Amino acid sequence: MTGGRIRAKIRRSHLYTFACHRSHPPAEDGTQDTQGPGYSRTVYCNQPHVHTQKPNKYCTNYISTTKYNILTFLPKAIFEQFRRVANLYFLLAAVLSLTPVSPFGPLSMIAPLAFVVGLSMAKEALEDWRRFIQDMKVNLRKAGFHKQDGEFGLKPWMKLGVGDIVKVEKDQFFPADLLLLSSSYEDGICYVETMNLDGETNLKVKRALETTLPLDSDPTFREFSATIRCEDPNPSLYTFVGKFEYDGKVYPLDPSQILLRDSKLRNTAYVYGVVIFTGHDSKVMQNATKSPSKRSRIEKQMDKIIYILFSILVFISLISSAGFLVKTKNDLPKWWYLQVPDSKGLFDPGKPLKSGFYHLITALMLYGYLIPISLYVSIEIVKVLQALFINQDIHMYDDETGTPAQARTSNLNEELGQVDTILSDKTGTLTCNQMDFLKCSIGGIAYGTRASDVELAAAKQMVMDLDGQGETGMPHSLETSGHGFVDSEIQLETVVTSKDEDDLKPSIKGFSFEDDRLMNGNWLKEPNKDDILLFFRILAVCHTAIPEQNEETGTFTYEAESPDEGAFLVAAREFGFEFCRRTQSSVFVREKYPSFQEPVEREYKILNLLDFTSKRKRMSVIIRDENDQILLLCKGADSIIFDRLSSNGRTYEEATTKHLNDYGEAGLRTLALAYKKLDEAEYSAWNDEFMKAKTSFGADREANLERVSDMMERELILVGATAVEDKLQEGVPQCIDKLALAGLKIWVLTGDKMETAINIGFACSLLRQGMKQICIAIKNDALVQDNKKAKEDILMQITKATEMIMEEKDPHAAFALIIDGKTLTYALEDDMKHQFLNLAVHCASVICCRVSPRQKALVTRLVKEGTGKITLAIGDGANDVGMIQEADIGVGISGCEGMQAVMASDFAIAEFQFLERLLVVHGHWCYKRIAQMVFAGFSGQSVYDDWYMLLFNVVLTSLPVISLGVFEQDVDSEVCLQFPALYQQGPKNLFFDWPRIFGWMGNGFYTALIIFFLNIIIYYDQAFRAGGQTADMTAVGTAMMTCVIWAVNCQIALTMSHFTWIQHFLIWGSVATWYLFLLIYGEMHYALQVNAYRVLREILAPAPIYWSSTILVTVVCNIPYLVHISFQRSFNPLDHHVIQEIKYYRKHIEDGRMWRRERSKAREKTKIGFTARVEAKIRQVRGKLQKKRSIVSSSSVAQQT
C-alpha cells in the first residue's frame, strides 16, 4: 500500500490555519452528550454482523426513487387515473352500459375508457421503469470493503451495511455516509467535492482523528474494533454530533470527519472509512422527496368544466325523465300497440316512478356525449405527438454530446406555456464550472483586451436597440449631440473582440487573457515592471494547490481547492512564472525572469499560511525569498483588502477601484492582491503569538487565531486586482434576457457562497451596477445561538427592506434580494415565510445561496403555493432533484453531474439555452393548441344512431381536433423568439379563462339549438322525396348529423391560423369520410334493421332540400363565431393578430423599421437581463447629455448677460 502515498510526504495540515487543526483532545468523560432522543444510533465498527439483528438493525444501502413497485403499481396507478373526474364519470357510464337500461352497446363506452386509462398507465410504467434502471445502476456500483483478516474485496453498494470498513479511491463517489479513519496523506487529510450535494465546486478538506491515522493499509484492519455513538438520521448536511470510542478512550466527532454519500474523493489517492448511515438514512437521501404526481392547470380546470357540464347533463336528464314519467302515467296506457308494460319492466304505467328512474339513467347516457370521452382520447394522442415533436426539434439538439431534448412527461406539455417563475441551480446549469483568467489591473493600469461573454451579448443587444431608431441609427435624444460623446460613453458598442479571431488561436483551459503588453516577456518593457513582477509572484506562490506533471508533455496541471485558484496558476504559468513543485516547507517556481528565454527555478520558503474562509474572505501566505526577505502576500475581496491598506499603500486604489467596477459590470469575479514587507524581529514576535494561539485548546481558540491573523494582515500595499470569468454555459445571458422579456421571473438557488452567487448574478445580468442589493443575513454570530433573537433580527431586516421598496419613487429602481441558507432556515418557518415571499416577489431578482437540497425544495414549494402561479425548476445534479420534483414543471440538464436530475425531471435538455425555445416556442404552441382543441372537442349535440355516435367521436371530429392540437401555430417559431411578450398569453391564461369557457359553451348550445330546430322546421311538413313523402326520423337524424359534421369541421377550420396539407386532408377528409360511410353503411344488412337502407343513395342525395339545408344550417351555425373573430381582429386585436397581419402583407420584409419597432414593443417590462442593463446605460448617457446641455445653456446665458 505504499504506492498510494506518492504525495504523502507533505503533511497537508501544516498548510492550514483554521480548517485542519487538531483542536479536540480525547473527551475523558464523554462530555459530548449523545444520549436521549435524536442520538440513539450505535455503530459497531468492523462488526457488520451485529447490525443484521435488532435492536441494532438499520436500513440497507439499497435506494429507490421510483413511485411504484410490483405490488403497488396497479392500485396506485389506477387511483391516479381515477383522480380525474372525467374518468370517474366514464367509468360509471361504462358500468351502466352493461345494464338493460343502456341505449348503447357496452363496447362503445368501455373501449375508449380502457384506451385512455391504459395509455396513461403505460406512460407511468415506462417513466417509472427508467427510474428503476437508473436506481439499479447506482445500487450495483462496486465498493471496496473489508472482508476479514485484513483482506479487502468488492461488493455492490446495495450490499454494504452499517459498520462495514470501506476503501474509496480517487475520483470515486462515497457509497454511504462514512466516518473518515485515514487517508493516503500522513496526517489523514482528504479532499472532497460536494457538487452533487450543495452545488459547490470548491473542494472541502476533511480530516481523520489522530488516533485512527495508523489504520493506513489493508492489514491494519485485521483486529480493528471501535464503537460510534451518534445522532439519528437527519437531513442536515452541515452538522454532525457523535463520539468515537476506541482503545478505552472517547473522542468527539464533528462534520469535518464525515464523508457524505454522493460526494466524490478528489486529489487523494484513497481513504478508509466506516459506514455510519446507509441507503435512505444517508443525509443526501434524507434531503430527497418522493416522486410526485403532477397534473396540469388546464387538466384541473377541465375537471371543473366536467362538474358544470355534468350538472347541465343531470338537469336536462331530470327534465327529460319528468316528461317521460308524465307520459308513462297518462298516455302510455292508451298506446296498447306498444305492448306495455314491456318484458324488462322499463315502461310500466303502473309504476311510473320506477320507469322515470330507469329513463333518467338512460337519458344520462344518451345525452352523455355532452362530455365526450373522445376528447380525452384525442388529448392523450395529441400530447404524445407534441412530446414527439419536442424530442425531434433539431434546434434543441446538442451536437457536442449528441443529446436531444426529451419530453419525459407528456401530460405537462401545455404547462410549459404558463410558467411564471423559474428557479434555477447555478453550477452546471448556468455555469460550466470553468474559470478563465480574462483581465487584470496592475499598478493602476488595466490589462486584457478580450471581452467577456456578458460584454459581447450586451454589445449585440445595444447595436440592435440603436439600429433604426433614428435617421442615423440612434435614438433621437442622442442624435442631436453628435457621435463622439455617445461613442465614448457606450463602450459596449465598440467591443472589438472577434469570434473568428478567437477560433484561430489555440485555447488554453483557464486562460483567455489577451494583451501583448504582458505576454511573451513584453511586460519587462512596461514602466511598472516591478509591480508586475510582484503581481505574478503572488499568483504563483499564494495558494494551497499541488502540481502534477504530465509525463508525456512535461506540462503541469494543478489540483486546487477552487477553480479560481487553478486559473491563477495557469495564468502565472502563461506569464512565465510556472509553479512546479511543493515540499513540506517550500514552493518552487520556474521564473522566466530576468530573461524570458532562460527560466530560473526559485525557492520560496513557506513560513505560515492563513487560509481562506467565507468569513475572512481573504488568504495570506508568509514567505522567505532567496534574498532572505520576509514577505506577506495576500489576496482577497477588494472591500476586505482596501480596509487593510496602509496610508502609503493606496497609490493605485482609485484607479484599481474603477477597474474593479468595470470588471464587475462585465460579470467578472474579482480579487485584490496586496503585499507587505516584514523585518525579522516583527515576524518573530508575531509568530510566537500565532503559534501560541494555534496550539491552544478552548472555545476561544478560533477567535484568538482570527485576532492574531488580523494583526498581521494590516498595513498592506496594493499591487492590483484579477478578473476571472466564471464561464457561463453557451447562450445563457441571451436566454435569460429573452425569458425576462417574456415576463418570466428568475430565481437562482445555489449551494455556493454568497460572493460566488453574486458574481454569477452579475455575469448572468440578474444583477447589474446600480441595482440595489438587499442582503438578508444573520449579521451577529451570537444571534445564531439564540433562535428567538435571530428570528426577530431577520424579521426586522425583511420588514425594513419591504418598506424601502414600497417607498421607492424612482420607476426605474431595481432591487435584488440575496439570502443565505442559514437565514433561510428561519425565513421559511410558518410565521415568517409569507413576509419573506412578499419581499421576494417585489424584487427584480432573487438569489438564495448556501442552500441545502431540502431548502431548494422548500423555497420552490413556497413560491408555488404562495403565489399560486406555475413554477419551473431547472438543475443538473442530485442536489436539484428535490426542487425539480416539487415544482409544477421539472427540467433536468443532462450535464456532467450524473443523470439524477434528468431521471427526476419532466423534461430534459442538454443546455440551459434550450429552455428559451422549450418555453417560448413549444410552451406557447402547446398551451394554445390544447386550449383550442378542448373547446373544439366539447360538443353540445346528440346524435341518434349508435354507429353515428361512434364514428362522430372516433373519426369525424377527433382527427381534425388532433390536427388542431398537433399542427396549429398562431405564429412561427422565429416570431415566437423575436416577440417574447407573446408568451404572456399563457401565464395570463387568455385562452382558457372562464369567460372564454362559458363563451364556447354558449356557442355549443347555440349550435345545438340551430341544428336541431332549424332541421325540424325545414323537414317537419315538407315533401321530401319525389313521391311526396315527408322525412322520417332516420332521414332527419342523418341530415342533422351531416350538419353537425360540416358545422364542427368548418368551425375547426376557422379556429386554425396555420394550415398544412395534413390539416386540409384531415378536415375535409373527415367530411368526405362521412359521405363514404353513409354509402357503405346503407348497403349493409344492419341498415335494414334500423330503417337506414341506402339512406344516402336513395333517400337523401336525390333531395335538393338535404343539400340546401346542410349549407344553410352550417352557415347559420358559424356566423356568430365568424362575426366574433372578425370584430376582435378589427377592433380589439391580440398581439398575434397584429403579427399575422404584418406577415400576411409582407410588411416585415418591405418595412424593416416598422418590424423592428413592433419587436421593441413586444417586450415585457423587466429590470433583469442585458437588455435592462443596456437600457440603464442609455438612460445614464441621456442623463449626462441632459446635464451637459444644461451646462452649455447656462454658460451661453451667462455670456449674453
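In case you wondered, yes, glycine gets a Cβ from its N, Cα and C as well.
Just so you know, TrEMBL annotations never went through curation; they're auto-generated.
The structure displayed is predicted, hence computed values, not measured ones.
Feature annotations, reproduced from TrEMBL:
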type     : residues                                                                                                       : note
DOMAIN   : 43-110                                                                                                         : domain 'P-type ATPase N-terminal'
TRANSMEM : 85-101                                                                                                         : transmembrane segment
TRANSMEM : 305-326                                                                                                        : transmembrane segment
TRANSMEM : 357-379                                                                                                        : transmembrane segment
ACT_SITE : Asp425                                                                                                         : active site, 4-aspartylphosphate intermediate
BINDING  : Asp425, Thr427, Asp876, Asp880                                                                                 : Mg(2+) binding site
BINDING  : Asp425, Lys426, Thr427, Glu565, Phe612, Lys635, Arg669, Thr750, Gly751, Asp752, Arg850, Lys856, Asn879, Asp880 : ATP binding site
DOMAIN   : 934-1133                                                                                                       : domain 'P-type ATPase C-terminal'
TRANSMEM : 997-1020                                                                                                       : transmembrane segment
TRANSMEM : 1032-1054                                                                                                      : transmembrane segment
TRANSMEM : 1060-1082                                                                                                      : transmembrane segment
TRANSMEM : 1103-1123                                                                                                      : transmembrane segment
Across the whole of the domain 'P-type ATPase C-terminal' (934-1133), what does the mean pLDDT come to? Round it, please.
81
Whole-number Å distance between the CA of Asp876 (Mg(2+) binding site) and the CA of the residue listed as 'active site, 4-aspartylphosphate intermediate'?
8
Rounded Cα-Cα span from Asp880 (Mg(2+) binding site) to Asp425 (active site, 4-aspartylphosphate intermediate), Å:
7
Would you call the transmembrane segment (1032-1054) and the transmembrane segment (357-379) in contact, using three or more Cβ pairs under 8 Å, pairs 6 or more apart in sequence?
no
For the C-alpha pair, I'd like the distance in angstrom between Phe612 (ATP binding site) and Thr427 (Mg(2+) binding site), rounded off.
21
Between Asn879 (ATP binding site) and Thr427 (Mg(2+) binding site), find the distance joining the two CA atoms and give it rounded to the nearest Å.
11
Most Cβ pairs under 8 Å with the transmembrane segment (85-101), selected from 357-379, 997-1020, 1103-1123:
357-379
Of Asp425, Asp876, Asp880, the recorded positions given in the record, which has the fewest other CB atoms within 10 A of its CB?
Asp425
Would you mind splitting the domain 'P-type ATPase N-terminal' (43-110) into helix, strand and coil residue counts from DSSP?
30 helix, 3 strand, 35 coil
Take the Cβ of Gly751 (ATP binding site) and count every other Cβ within 10 Å, whichever protein chain it belongs to.
30
Residues Asp425, Lys426, Thr427, Glu565, Phe612, Lys635, Arg669, Thr750, Gly751, Asp752, Arg850, Lys856, Asn879, Asp880 [recorded ATP binders]: greatest CA to CA distance in Å:
32
How big is the gap, in Å, between the Cα of Thr427 (Mg(2+) binding site) and that of Gly751 (ATP binding site), rounded to a whole number?
9
Other Cβ atoms within 10 Å is the metric here; tell me which of the binding-site residues Thr427, Asn879 scores highest.
Asn879
Arg669 (ATP binding site): tally of other CB atoms within 10 A of its CB:
23
Work through the binding-site residues one by one (Arg669, Gly751, Arg850) and name whichever has its CA nearest to the CA of Asp880 (Mg(2+) binding site).
Gly751
